[in-house]
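Quick notes on the structure that follows.
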């Protein structure tokens, strides 16, 4: 209720500040009997981990996750899974200067007005460091989904002004940008190098795709699969927009063009992004998210302090010039968490349903 | 949990099929002592009501709402509010032909796979007729928000290829399109007339704005105000995309450009759309939503039936050629419902908070 | 959240005041394909209905329920089920005298302090009339449970000082007390006749039993089956205590006596009431509830009014001298609603579980 | 949803097995600005801690709790509070013998049927060791409640056959039984010594009282304060019954006797236990709970194994001969958690309510 829990049947509840002693999470509702180890989680954590290329923050966190409960003799037991990552590379002194100032476009001002008090070190709870636990929990969800043939993958589809066309999944893991076109990587590197020299930051667009999702997931009316996906993806730091399928391009489309016709051999197109009436159709589920440029830049900006006085703010510390670069595993996690939650919800109510109509792809 | 409830503290739970005997809702959590009458709800219901211009479905429903509980001697009592609208103009025979067919881009196919059984008359539960209850409940939320100086308003910002610049709130209610520029209305009329002649449909973009929202609304991490707004807006029939503030335009922006600087006199811009770190900043909250073209068109389309056989589908019945035209009051309702829910949630936890820092606009 | 919803996956949300125009409910999460008619609900409603013997309130309500959605061609569709009962025999003038007074042991005083405003006619929302909707929804739950071989039944096990031993289910429906021993009915009649002459009321104890519940229902730690049963049963008007199995008798038992030993042929006793560690064991689930004597008696009592001044209160109107007499169908409903909710929750998470160990009874 | 979370606005989510590496919890929704230290939590944890007298299990756990987030510079920040207790004195070898056996009256059999797999060491998740986290979270709730003048205290009111009359709060903390009558302590000691010699266990009854609760807490219909108290208290290991106020004694009372009359000077009695219509009246809230005798006794018992074969079980390991002895702080915690949750819920909806009627005690 207070915002630190995601999901209704497969729930993730998290805690932890950027510069506190640890990040932690409780994953509840995981089916029993799922083989699970810390290595399963570490793989995705390492994909998100900072400090692995010159294009992300230089904070170096090993992000070693421990499973403290809910797994016994290598499989999940169905009870709550406790996860813990100790913080090791906090440098809180970097932030003491801005204790009483509000960085523009940051959560400082809004947390201050909401709570009256805030852990100002590194953004406290509002830091994207919080997303580590999403990725760890998402890895559990992915593991179970994979056992049902469901695969969730993402890639960067735009970096600042540079649109990137999808070419192949194979190369996405081979470059620090999650770029799906190997021939564009050098261009992205050059763009980022110039951006750092400009002491500025830039936005990005990420695309996430789930393949193998059976038809029927999603609840009618308010908890449509697309609505909850939008919720999950928009809850990621810096996200300002979410699209399903053709998204905003649908506005200027005509019905005769947008509707995905069906034949016995399958759908003829996928403008809908795999969701009709809020329920999965069996086609690939496709979502796009827009991430804003981070506000933590060293170019001075005008702001106020807690007394309402004008100040000039320069954000020091170690920051990502494009938070979108590390966002792909986080977006995958939120889609996986949304899907597993809806899978369990669907199963609860509709376990008895048998349909003889063939499924299309 | 099964998708027919919105909100956590101020909750709306709905029922009703397009061609069933009635639509109904229960609004729970409304503060006591709010003056409320059926006329308060009827005003917004009439704004959404079909059959009021030639550009919407010709189904004629008076949509007379009754308040069955929760209001006593003209004010809310704090107990659950029961709402009922009887359906009067169902013509179910129109739909008997497509009982065993799946209309392309409709929820027929996905409901069939989810539930095994469906009320095929007029789309049953998946019909946009369901949104009447959202509008009724939204009117309750708006009434309470207005008492706190919070105003929620929307307008059409794009009809198919025609982008509409915001000019003034005054004229929005004077035309069937919710168009904020009186000089563009004739153009929109002409566009729609041609569209009907083409037997086709088209998408639209709606913009919703909340003014007067205090800073502090929204919960950290998963239940950010923008995430729940995205949830609510994406749950509206036909919506394929949601943006907060600059939305997808943020992707190609730089941090020095996107960040909204602050001075003692207020924010210098509002790229963020009034939300920072998932929490309202006190600026106007701005959201955009993309609605796809409705799939109910009379141009024949390829599909399959429940046996998996190929069929040609022509959607008869009475439909909106642009569902976006009636979507503005619905979008306002979802924003109002999201705001009141977060207002109550904020109040629950943070009632003791006192902040001396001046509030900016 | 505001208290008018029960359950998490199979949810019942209700509205309606004692003297308002109607009572209503939305049942969400019902599996699709369940045969259901208004007659199914009416049977249990008639068991609870007032005015059927001289031992209950003389208010005569037909309590005719209408199903407004969620059922199509005789079976549930999986969408939300709207229920409505119009109130017909309100006599609100009876209550105008006590508009500004607080009846002792009633909810008048507490509602006044909670909400500042209340519908004082017939107790408004705090009236036991609200339980009609529980019974209607419970009938839906019972119908589904019965299809799985689960039967929920209750009886009166004590009326005031008169303890009633269980003899047979057959006669429970044959007398107005839900008394399971036909030889005790005359004694109960005489007791009640004397009570009315005394212008007083008395408490009662109800026992509810579920047979055929499979092992495994109930969630660990906080949402144990017994905890949620206690929640549901204690939420019934006038209930002051709940026991599972041996209940308070367990306090003076020894472990060697209380523990239910197991053999390959089954459990040797059922002190636990069918629940171990919060999870159903496959034995009969047994719960007892204590109902207080109603406070609506014509014997004058001391109280205060809304100004804090002393007054003498005589509760006129039509009331039950023993609310426990009509409580059995309500208790059955709450147990059935709790069980179906846990059945769906169990199924969501544990659908894959296969256990070769034989089930005991 | 999966049972490891308590509360709706002030939520406690826990993890941890008896013999796993650690117990942990996340407390969400705590108001900001509450002074809080690990010492605040440790005080109650020490009251519950095992191994402090010869009458409880000889497992010796320091139960040192760490606060990992949500507290900054000595006060809560409003964000989620992470808590951790490392397990140090597990002796898992004690349990290897009963890996494939079900101890009578334990959760072994039901967990096995629910999940198919279980952590059998020391009862795993079903162990009362889990309650340490309830006590830690309850201490946070108590701290906040105390700042509003609300005090939650409990005592043992019966040990096996020995009923204990309440004498004074002062001595409750001075003996290992939480006995409120210093003159009875020697008798309890002797009873327990004999019980151990008998290799048996016994039940107990605990009474919990909240003083200073304002009128108005509790939601109508399903989430009444008494219903949620019953939920919370019944969720404690070994609890088989819950009473509010006069509880089961109400069954044989008459209305003229049970109703608590009011005068301008206050209520004349408190049969209701401080709750009317599910809402607090301002009187002391009084609840009683029945704890069964633990089933972990060394007297052999008949049972079956996972193959359904008959076995004789002797429960070794270190156990409490009366789990009720350590239950008082746990019961206090559950009442405090229930009260703070309802306080926040009440505040969310009814913050605007002003009532001029004087409050009674």
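Keep in mind that glycine also has a Cβ here, set from the backbone N, Cα and C atoms.
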Region 'Disordered' range according to TrEMBL, out of C:33-61, C:62-90: C:33-61
Rounded inter-Cα distance in Å - residue C:127 (FMN binding site), residue C:54 (NADP(+) binding site): 20
Subset of C:48, C:238, C:292, C:294, C:296 (binding-site residues) with C-beta under 8 Å from chain B: none
Spatial separation of residue C:54 (NADP(+) binding site) from residue C:296 (FMN binding site) - C-alpha basis, Å: 16
Between residue C:294 (FMN binding site) and residue C:48 (NADP(+) binding site), the C-alpha gap once rounded to whole angstrom: 17
Whole-number Å value for how far residue C:48 (NADP(+) binding site) lies from residue C:292 (FMN binding site) (Cα to Cα): 18
The one of C:48, C:54 whose CB sees the fewest other CB atoms within 10 Å, among these binding-site residues: C:54
List of the binding-site residues C:48, C:54, C:125, C:127 facing chain D, defined by a Cβ pair under 8 Å: C:125
Number of helical, extended and coil residues in the region 'Disordered' (C:33-61), per DSSP: 11 helix, 1 strand, 17 coil
Rounded distance in angstrom between the Cα atoms of residue C:125 (FMN binding site) and residue C:54 (NADP(+) binding site): 25
Distance, residue C:238 (FMN binding site) to residue C:54 (NADP(+) binding site) (CA atoms, angstrom): 21
